[in-house]
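Chemist: Please read through the structure below; I'll follow up with questions.
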């Protein structure tokens, strides 16, 4: 009988990981250590081809669906109806974003798939197949909404909706995917028996606590409001101040008030306006149109509701003070718990590997949140230095990356041998 | 002896005017009655060719200088050293601007030149030549600063500076002029003996007073500050509020405070922020960079100085509250009187034509302000309905346009017969 090594101690997986991580980070590499790799850009196309080539070299079958999600399926179980264990994240970045956000989870998934395939070839037996996934347009920077690819996978959005999202230059996601040869025609795989995502924390809790691994137990709720103020163009010189209908002034009142709302609940409510479009945006013209995105986030249902009501009042008052009209299109992401059985599996794997772990919230949205409630879903964080995120200065130490990789290897190994069941995988322990 | 008709009663001039005005308004015509004809755009090129063709058909020699200013010189005096009387304005528009702003003065100048040339051919004698001018990039919308072409003519800017100004897409004025074949090599004419500009009021005073003609006696001072806030990109979700360095929040504080400054001196101080650039401008990223243009205008020196000091304090406080750094680049246009002799000439001509007139300030900058102090300069307003400006809804009734045209004809006729001297022209009265 062949000796089956524990994949979580597979040094080849660590080498695979670093090699692919560096190759992906080179796609859209920016001057200060980050990446400029917005969804379906040329740099994203390059990263996607690098990912697909690594998957194929490792023995996976690569499928690309109608919205460009890439699935690398490793046939481990040798039966057509085997359940699927899925691991992944996204390769797209924010403008001048970090090289770890998203890419970590995708690259780790490819390395895990390759290690499991090596184990199979060495004689290991599996009761589930494995899929490494790259979701399209997680960031919502170039195309809105965010989580678009994972939202298509779960049926929240249909392909026509996703493909028709347009960037600020009017290019649709469909056109952009065509331009980089990444609009596919393959059927997506079925919902997995278990989905895991490895991500950098983008916050300070792990670093402050000196912990290796974050087990995400809850996601913050978010209220997102697309606000449009409509005023009237006028000359900034002669037009009397009381007659002005200044849409940018309304936006300024709202942005200042949104900050004040967060300050009412320190540490409990986060608010932001990250994006604003102004027309005609000429120095001598009173702005007539402003569109902006207001976000209010909290982990407390009652507080989020109250902050949301204050936000709605702030929008109306800003419009009234600036004598403009307003429309507000509100969407909400509820506060939810992640399933205990998956969290327990992650904690058990961390313990088995001697890694310290800590329960965390996620404030940011992640593709895992798209799948939450539809299948057993887990989200695993590793530390980010200084909590820096959406910034080229984002950094996670190699040892922390490797801890995350080994944890995923351990969890995926157990899951794929346990038919995808988190409960059985938690009990299973190490290699056969 | 040939009968010489009074040009101000030249019906052909009125016909010329309307025909050319409509042809120019068709260049870049927008959906709601205005024009989209920013400087050196394709539509501007079309308007420039329409203007040049009308000048040539009327017997002028057209020169285009290094920055694209167009001069139509009518040789009326038949001697090489004759003084020059100049009338003009600009053909470029704001984004979705009105069809009267600027175009009125340029089209009127062409019609006046044609009428004077007809008078010369009918036997009238002149002691000055006449020039109809279209100044490049008055608006400062596509390229900054505003008044760029007239500033080149007066020596405030050199050609290299003007041609290197870039729009938001990085296209320079030089490249844009080349693209429409409007970068010239002709020497500009010398400073005129007298410069006049006809413009719509862009305010409510004439309409409120029921007056036909505004004689501009004074221009408001303006402080313009290019402000740049520099913060730090961060994730709008997990990044703790106290750690954020949000450049857009700083801008919001400043925009709100700029309005409060104007409200301290109702009717005496106008403030505005019409233009703002935000980076990276992504919904999930705390903005790290904002550039904006702050304007503070007043006709009172002491008030302007005090409002300017408050503005400087508001900039610093906004940066401090939002925990960002700031740079501010300030320029100033002083409060100045327009020369009495030119104002008296305009008033005398209005009186001779039976037009009611009223002394006014100009709050907006105009090309005439570039020439102010360098040669006798006059600025003439006709009413704008509702004071609407920098807006497609801008409107001036045909009768008011014709009043302005006839006034310019009368003034230019007198000036060109009086060697360009406003004093002698004021005394001269009607036709020979």
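First residue shown is number 1, and so on along the chain.
Note that Cβ sites are derived from N, Cα and C of the backbone, with glycine treated the same way.
Any TrEMBL annotation is an automated prediction that lacks curation.
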Chemist: From A:81, A:101, grab the residue that TrEMBL records in the same Zn(2+) 1 site as A:90, A:199.
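Modeler: When TrEMBL describes the Zn(2+) 1 site, the candidate it includes is A:101.
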Chemist: Around residue A:390 (Zn(2+) 2 binding site), how many other C-beta atoms are within 10 angstroms of its C-beta?
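Modeler: Taking every protein chain into account, the count is 31.
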Chemist: Do any residues at least six apart in sequence from residue A:101 (Zn(2+) 1 binding site), in the same chain, have a Cβ closer than 8 Å to its Cβ, and if so which, in order?
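Modeler: Expected: A:93, A:94, A:199, A:200, A:202, A:389, A:390, A:394.
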Chemist: Whole-number answer please: how many Å between the C-alpha atoms of residue A:139 (Zn(2+) 2 binding site) and residue A:90 (Zn(2+) 1 binding site)?
Modeler: 8
Chemist: Same-chain residues six or more away whose CB lies under 8 A from the CB of residue A:90 (Zn(2+) 1 binding site)?
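Modeler: Listed in sequence order: A:102, A:105, A:106, A:134, A:135, A:136, A:137, A:138, A:139, A:149, A:367.
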